[in-house]
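Enquirer: According to Swiss-Prot:
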- 45-159: domain 'Expansin-like EG45' (DOMAIN)
- CYS48-CYS76: disulfide bond (DISULFID)
- ASN61: N-linked glycosylation site (CARBOHYD)
- CYS79-CYS154: disulfide bond (DISULFID)
- CYS84-CYS92: disulfide bond (DISULFID)
- ASN94: N-linked glycosylation site (CARBOHYD)
- ASN109: N-linked glycosylation site (CARBOHYD)
- 169-248: domain 'Expansin-like CBD' (DOMAIN)
- ASN251: N-linked glycosylation site (CARBOHYD)
Amino acid sequence: MEKKLLVVLFLSLCCASRLRGEAAQQWTSATATFYGGSDASGTMGGSCGYGNMYSAGYGTNTTALSSALYGDGASCGACYLVTCDASATRWCKNGTSVTVTATNYCPPNYSESGDAGGWCNPPRRHFDMSQPAWEAIAVYSSGIVPVRYARTPCRRVGGIRFGIAGHDYYELVLVTNVAGSGAVAAAWVKGSGTEWLSMSRNWGENWQSNAYLTGQALSFRVQADDGGVVTAYDVAPANWQFGSTYQSDVNFSY
């Protein structure tokens, strides 16, 4: 009897945990299209600044976001769980979902109406996904489908990377490979001879400092949009070079 009660209690706790997880999953309706070709080669670059998605670690499951989701770059790096809404179209691959990373911006097309080509016009919530990601959930020939989406933790391999471009008194730091929330809300840099200095978002996931940091070992602090903070000490050595990328040994949990 005692063993049966323990089994019942265990199952009850599992169910309660699952229900809490489902309740916490904030599903929102949107639409989705695709671009970039079957190998996603057409998705390289993008307004988040990641460049080559393969070498940046984002692979082919990426998406451009409409203005309503993009937030002037604030959503760069965020991960979304997307599923085709089978209750609203026959073009879904039932029972499937895909996790995509926001890497680009889908601009509005005001010459077209929102339901006839202007998919990314405000206030529409729209995902213009890579073709491989799209075909994980929908039939190729459908063109556009209704979807449901939710933010989901990003899983990354290794630490956060910091690519340094610019010149003296103008450091432009590209922050990539961010796990957890994935989206950076604030960033700081510290030279071995300075205090912590706040950086500002220049564009996408490029963060700007106007300090003179040449010849100093650099540490970085990153705050995600969920409030989490990680600090990467002495990521770049004192002889760091513009045009180089430095990988830390820290990242957010997921």
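Cβ atoms are placed via backbone N, Cα and C, with glycine included.
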Enquirer: In the structure shown, with every protein chain counted, which of the disulfide-bonded residues CYS76, CYS79, CYS84, CYS92, CYS154 has the densest set of Cβ atoms within 10 angstroms of its Cβ?
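Expert: Buried the deepest by this measure is CYS76.
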Enquirer: Nearest by CA distance to ASN109 (N-linked glycosylation site): which of the recorded positions is it, out of CYS48, CYS84, ASN94, ASN251?
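Expert: Comparing Cα positions, the closest of these recorded positions turns out to be CYS48.
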Enquirer: Which residue among the glycosylation sites ASN94, ASN109 has the fewest other Cβ atoms within 10 Å of its Cβ, if you could check?
Expert: ASN94
Enquirer: In sequence order, which same-chain residues at least six apart have a C-beta under 8 angstroms from ASN61 (N-linked glycosylation site)?
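Expert: Same-chain residues close to ASN61 (N-linked glycosylation site) (Cβ under 8 Å, separated by 6 or more) are VAL98, THR99, VAL100, THR101, SER130, PRO132, ALA133, ALA136.
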Enquirer: Mean pLDDT for the domain 'Expansin-like CBD' (169-248), rounded to an integer?
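Expert: Here the predicted model's pLDDT, averaged over the domain 'Expansin-like CBD' (169-248), is 98.
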Enquirer: Taking the Cβ of CYS48 (disulfide bond) as the centre, how many other Cβ atoms fall within a 10 Å radius?
Expert: 30
Enquirer: Could you list the residues of the same chain, at least six apart in sequence, whose Cβ is under 8 A from the Cβ of ASN251 (N-linked glycosylation site)?
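Expert: Residues satisfying the criterion: ARG156, GLY158, GLY159, ILE160, ASN177, VAL178, ALA179, GLY180, VAL230.
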